[in-house]
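Next up is a structure, given as structure tokens.
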Amino acid sequence: MSTSDDIHNTTATGKCPFHQGGHDQSAGGGTTTRDWWPNQLRVDLLNQHSNRSNPLGEDFDYRKEFSKLDYYGLKKDLKALLTESQPWWPADWGSYAGLFIRMAWHGAGTYRSIDGRGGAGRGQQRFAPLNSWPDNVSLDKARRLLWPIKQKYGQKISWADLFILAGNVALESSGFRTFGFGAGREDVWEPDLDVNWGDEKAWLTHRHPEALAKAPLGATEMGLIYVNPEGPDHSGEPLSAAAAIRATFGNMGMNDEETVALIAGGHTLGKTHGAGPTSNVGPDPEAAPIEEQGLGWASTYGSGVGADAITSGLEVVWTQTPTQWSNYFFENLFKYEWVQTRSPAGAIQFEAVDAPEIIPDPFDPSKKRKPTMLVTDLTLRFDPEFEKISRRFLNDPQAFNEAFARAWFKLTHRDMGPKSRYIGPEVPKEDLIWQDPLPQPIYNPTEQDIIDLKFAIADSGLSVSELVSVAWASASTFRGGDKRGGANGARLALMPQRDWDVNAAAVRALPVLEKIQKESGKASLADIIVLAGVVGVEKAASAAGLSIHVPFAPGRVDARQDQTDIEMFELLEPIADGFRNYRARLDVSTTESLLIDKAQQLTLTAPEMTALVGGMRVLGANFDGSKNGVFTDRVGVLSNDFFVNLLDMRYEWKATDESKELFEGRDRETGEVKYTASRADLVFGSNSVLRAVAEVYASSDAHEKFVKDFVAAWVKVMNLDRFDLL
């Protein structure tokens, strides 16, 4: 570290002092703007996963590449890999099946149904923080074992698909019949920045299960996938873990039966590793020295691998046949009496005190041990509801196999969206309710049909605001994380969306559009709702003096109520939608942060978000018809007035109350209130990044550009769930 004496001495010798010290001179080094302003709005979340980070280029077509894959040759290679034990990470009982199942499970298990983020769909286990989570110790070895296969098949199989397929093959090679496999997960090339993993600053900080219901978190401790296997906060109490298990699995959309099946099925094969104290384990992959080449957790205990391996610190083998599928998990769970003990690493676990030594040692065939289980395994015996399910599975192994097959498929495909996104020869034919199924198309409107429908909509008496609002309400439920929601299916007309507060005004247009749909018989209601938005935007642009054609692609269908899981669709109800100036709760985040959250779910860039908000305001599309943010005297005209007036220094803004959610814009000279605004409006003048974009649209030469940008962003949102157009 340089001192003043160092600088004096180097100056005296003629050497540049700034090349002598220990200061970080690399790009991005030093104190950052986020260090100075930690609450800075995360506009950068809208710039993730651009083509600039993609080495494959924007023309790469994964579905096309996958079609060239020797799928069954790949599965054959994966099966062979399972028993090709490597000396740098020897396989337990000569099989990597348990390791690969855990890799797939922990990749998929980050999914949270409350916001649709997380999951295995983008291969995020390769990147921080997941590649270095405490619950993912040793999965770096699993991924490295797969590298020769990934190298062989190249871009015909993504890492994201390979992780899940490896888990499937591991189960199948162990004698289990899986439900199927759908490929289609495309890799990204940098960590997701939008996933909220929690506020804790230390790994394995405990969370109360009740807190999980108020936030989109999927684990009871920072750095875990689900729950602490030693019980809540290392309590060692099986019964007390029930609430935590239900909360975490419930946040993934799993019911009690699926939860029991997943825990038992996941613990039928393989083992945990706790040969010695975890203090022997070195830094995780992100913190490991460069020569470790992306591997982490190097152990100094014995050989550090094989019989000396330390992963969780628990040393548990559940079944007598840890490389072959069986019902031994339930048989052992109920047959024996379990006594709390500790692993060689000191972790709390249970041992079957009255059982003979029937469990094979993973590396020494001459040794046997007693069955062992995790604290949370015993929850399946001692919680009354879990016990009922577990005993049924004990007495009906086929029911267990079926339940696990379906739950595993759901676990590993939950974030992929509708079945139409699946590719490959093993996609199950059955439609499942959690896939948000849609019927087959029955309409095929011609160009003339569309023209006729547009005339009917234009003559319906619905205003521009009503037309735009109903289309936005239908399409804006889309979530980029799990590909749920969107306009296809016209679920705006079904429960629960029809009764959401945010849609109260928008759905008033539905009876008119439903009448047009029935009278024409030429298109689905879903298409007509989107077409209503087309008519509204074109009318608004025309009123602004511009002749604009808004692209429209028919082909949407109408879902039935029985194809709609009301409980799961309730999760799509927005806490806030800044595009409509809607906010339901004030106890979560700031309004402007929630606007960014919504825009990110809609896969929008900062300019796209800016154009849409500015356009929605002048079109009068606020959810409640309020004038907040409507900085124009010509509502329904697609002008750039929102930006012009927002940036006009004639007005000063003051909060209307202590909540600082609503503001009045007063004329600086007269004091007259000219406009009212929300935080979702004023952020475009306050935040430096968004203001830079707003200044473009407020310029005297920007009106036509603004309209074209608005239309492009609008069409993007309307088509977010049109996977058939890809």
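Here the Cβ of each residue, glycine as well, is placed from N, Cα and C on the backbone.
I grabbed these lines from Swiss-Prot:
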| type | residues | note |
| --- | --- | --- |
| REGION | 1-33 | region 'Disordered' |
| SITE | Arg102 | site 'Transition state stabilizer' |
| ACT_SITE | His106 | active site, proton acceptor |
| BINDING | His267 | heme b binding site |
Would you count the other CB atoms within 10 A of the CB of the residue listed as 'heme b binding site', including those on all shown protein chains?
25
List the residues of the same chain that sit at least 6 positions away from the residue listed as 'active site, proton acceptor' in sequence and have their Cβ under 8 Å from its Cβ, in sequence order, or write 'none'.
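Counting only residues 6 or more apart in sequence, the Cβ neighbours of the residue listed as 'active site, proton acceptor' under 8 Å are Gln125, Leu130, Asp135, Asn136, Leu139, Ile225.
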Return the residues near Arg102 (site 'Transition state stabilizer'), defined as same-chain residues 6+ apart in sequence whose C-beta is under 8 angstroms from its C-beta, sorted by sequence, else 'none'.
Leu139, Ala142, Gly266, Gly270
Please state whether DSSP places His106 (active site, proton acceptor) in a helix, a strand or coil.
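Its secondary structure by DSSP: helix.
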In terms of DSSP three-state secondary structure, what is the assignment for His267 (heme b binding site)?
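The three-state answer is coil.
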